[in-house]
Amino acid sequence: MTILGTTFGMVFSLLQVVSGESGYAQNGDLEDAELDDYSFSCYSQLEVNGSQHSLTCAFEDPDVNITNLEFEICGALVEVKCLNFRKLQEIYFIETKKFLLIGKSNICVKVGEKSLTCKKIDLTTIVKPEAPFDLSVVYREGANDFVVTFNTSHLQKKYVKVLMHDVAYRQEKDENKWTHVNLSSTKLTLLQRKLQPAAMYEIKVRSIPDHYFKGFWSEWSPSYYFRTPEINNSSGEMDPILLTISILSFFSVALLVILACVLWKKRIKPIVWPSLPDHKKTLEHLCKKPRKNLNVSFNPESFLDCQIHRVDDIQARDEVEGFLQDTFPQQLEESEKQRLGGDVQSPNCPSEDVVITPESFGRDSSLTCLAGNVSACDAPILSSSRSLDCRESGKNGPHVYQDLLLSLGTTNSTLPPPFSLQSGILTLNPVAQGQPILTSLGSNQEEAYVTMSSFYQNQ
């Protein structure tokens, strides 16, 4: 019996070893499964098919053996407690209307009934939008720019409507030099001057949720290719017409500045900023009222109290006085000899050389009459003929000169007679014969100057 029991024990042990090597032990599978890394990631898509939402999960390590693994979600569900994922090659997904979208759900990786790893995830924070589509680029020749437009399915959805888009473009020969532009609309304008001329460009776009919903970038849209037009003139060259206009404008401005600097003080400043006199005198001149009844008239009635002599009258008197200086001393000397000599020599009448006529007074005897000289106008005029009585002329010689001097003097004139008269007799200093006449001339000139000065003062 002992030998039989030992034999059965050895056979049983051999069976266990053989069965373990052939892979039929479930406990060994569990131990090997616990040694692998089952980390995973998930994303949700809302309203992918009408009102249904989808949840997709996948292992981060692509080498994990997923033959006996399953995914299960529990919590934040409507009408059910848990839901199992469907397996599609290397991914697990579920599409249903029973997501509550409020709160967190528990997602686990299971082998049979045993959970290997679990995560708590809020489906509103792992939203991945759908990729944009209908990407196109249109060139506007007038504006020299490119208009980029695209479309997205989230514009008609209720939940994820606000998206941020990322537009990326590059020149075809530059594989890794992408230029990114973020925008919230579905339209973008690219300026031609920011792109290389005659070059091929590739452009694509993707989206990400914004505001309440959070998540990941969507897949890139299909790429679109466009070519930029050629430019006749390179960026380094300049239009000759524009260059000529620029040069002429520069020189014109420089010339104007130089002329303004040169002519500022003499021409421009007096016109723009005229120099004003003293403000007090200017205001006094502007505000002072003129006096009334100013004596600015040249009417003779306005100068009745002034003695006015014309220049011609003064010149005539000067000529007469000069004539008397030459003629009267000779006549006076002869008459003096006749008076002292008695009857030694017969008296002679005045010759034609000493005859005094109105023409000798300046050829204008009417000037004295105009001045109011009545005696001069009534005085007898000496003729060139001899006197009727030469004897009486010898005795009355002084009276003749006295009448002549009286005819020169006037009652209204300010000029005194050139000789001093005492009781009708003309007296002269025998020592200096010309002195009385010179003295009379000096006084006459001073009186004429005073008269003209008073005339200008009154004026």
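Every residue gets a Cβ built from N, Cα and C, even glycine.
According to Swiss-Prot, the feature disulfide bond maps to Cys42-Cys57 (among others). Counting every protein chain shown, the number of other Cβ atoms lying within 10 Å of the Cβ of Cys57 (disulfide bond) is 21.
In three-state terms derived from DSSP, Cys82 (disulfide bond) belongs to an extended strand segment. For Cys82 (disulfide bond), the same-chain residues that are 6 or more apart in sequence and have a Cβ closer than 8 Å to its Cβ are Glu72, Ile73, Cys74. For Cys74-Cys82 (among others), the entry in Swiss-Prot reads disulfide bond.
Long-range C-beta contacts of Cys118 (disulfide bond), restricted to its own chain and to partners at least six residues apart, with a cutoff below 8 Å, comprise Asn106, Ile107, Cys108, Val109. Look at Swiss-Prot and you will find Cys108-Cys118 (among others) tagged as disulfide bond, backed by experimental evidence.
The motif 'Box 1 motif' annotation in Swiss-Prot covers 272-280.
Taken from Swiss-Prot, the feature signal peptide covers 1-20.
The feature topological domain 'Extracellular' is assigned by Swiss-Prot to 21-239, with sequence analysis given as support.
The topological domain 'Cytoplasmic' annotation in Swiss-Prot covers 265-459.
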| So among the disulfide-bonded residues Cys42, Cys74, Cys108, who's got the most Cβ atoms within 10 Å? | Cys42
| request: Average the pLDDT scores across the topological domain 'Cytoplasmic' (265-459) and report the rounded value. | output: 51
| DSSP on Cys118 (disulfide bond), three-state: which is it? | strand
